[in-house]
Amino acid sequence: MKQIAATAAAFGLVAALATPVLAQDMSANIKARQGQFRILALNLGVLGGMAKGELTYDAAGAQAAADSIVGVSMVHQPTLFVEGTDDMSVEGTRALPVIWENTDDFAAKWAALGEAAKGMQAAAGTSAEAIGAAMGPLGGACKSCHETYRTP
Amino acid sequence: MKSLALKGLTALAIVGAAGLYITRPQTVDTDTFAALTPDPAHGAQVFTASGCASCHMAEGSKTPLILSGGQRLASPFGTFVVPNISSDPEAGIGGWTLDQFASAVTKGTSPEGQHYFPAFPYAAYQKMTDQDVVDLWAYMQTLPADQTPSQPHEVGFPFNIRTALGGWKLLFTPKDWVMPADTPQLERGRYLVEAQAHCGECHTPRNTLGGLQHDAWLSGAPDPSGRGKVPDITPATLGWSMGDIAYYLESGFTPDYDSAGGHMAHVVENMAQLSASDREAIAAYLLALPN
């Protein structure tokens, strides 16, 4: 009886110690991944604006935006998408639990983004029309992951 | 006393029979359809705009033209398993007649004379022109056959009683347009939104019986998965220009370059295949909605 109580206390202690530390760590991971998606969107804003003629085309600016997208696409995702940070377990995220059921597919979708980003990197410095053509595959890569892995 | 009870029962039986009569499954008029000449190429456009494949292809399929069914649609009333509508004569609808097809799509009535569940969005498709339905059927017969058998729905009592759907249809599927349209562009936009792309099925809130609240048209609704919200797309809330909406429907990009997800991803894939003027017509329709 005494032993059970002691074990329970030990578990309680572990839980008490573990929870706040984990929660803190996970909020950093969530912030970081949401921030990386914002970096993607902001740079796409520059490229999309040039493709649509809302911004004047500037080869250096376009190249910098495309390079930034490639840079983000090289960030190792498992560090940001740690287990227990889905929308059923914690607040403040739209990441669906299926991400952790289909880790291979999620990784493949991130890799597909990398490929499309390289297409944009090759196009950005040439012309606004070339950017327009590269927007399709890039947008397709975003959409196909959001379709399955992000809650509305 | 006895005669009173008998009278009561008879009255009840008459009311019941009248009720069943007015709520009986409706079918289309055979002659009207037989007189039309099918154009399968235009049928392909109807098929895309109406999003048939989004529901009827297998879950996560890379071959959307194989309409083998099997997707599971969650709802507060149970889970619907979308049937096979490929051209296979046994597993699909390859053995159907044009009338049977038209009655299913525009009246929600099966060849056996039963009501379909409104998870099949015939509430929208009933507004399609007869010509579009004829073209659609001609096109769908050119699609591949698939032998995957349809699975039963997982819907419990009392929602599994199809007869009761007659009253539901009468109450909640008015055939009138929701919005007025006084220019050719608005008319085209209204046709695409209300009769084909069934935007209202996701973006309009429902009452407790699952009927669309037409007085809150396109003003947002909880996602049927139970998590997240399908956004309000009336102009004041959305705050997007005509160009913004048309570009979103073509590319999936919002004005701040977030990208569409969830069920909207399929809708965007379909809308991207329409003409630019059709996407603008949809945008014009959304911008004309009351706030």
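Placement of Cβ uses the backbone N, Cα and C atoms for every residue, glycine included.
Per TrEMBL, signal peptide is recorded for B:1-17.
Annotation source TrEMBL lists domain 'Cytochrome c' at B:38-144 (among others).
Per TrEMBL, the feature domain 'Cytochrome c' maps to B:184-290 (among others). Helix, strand and coil residue tallies for the domain 'Cytochrome c' (B:184-290), in that order: 55 helix, 8 strand, 44 coil [DSSP].
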Per-state residue totals over the domain 'Cytochrome c' (B:38-144) - DSSP helix, strand, coil: 41 helix, 10 strand, 56 coil
Arithmetic mean of per-residue pLDDT over the domain 'Cytochrome c' (B:38-144): 96
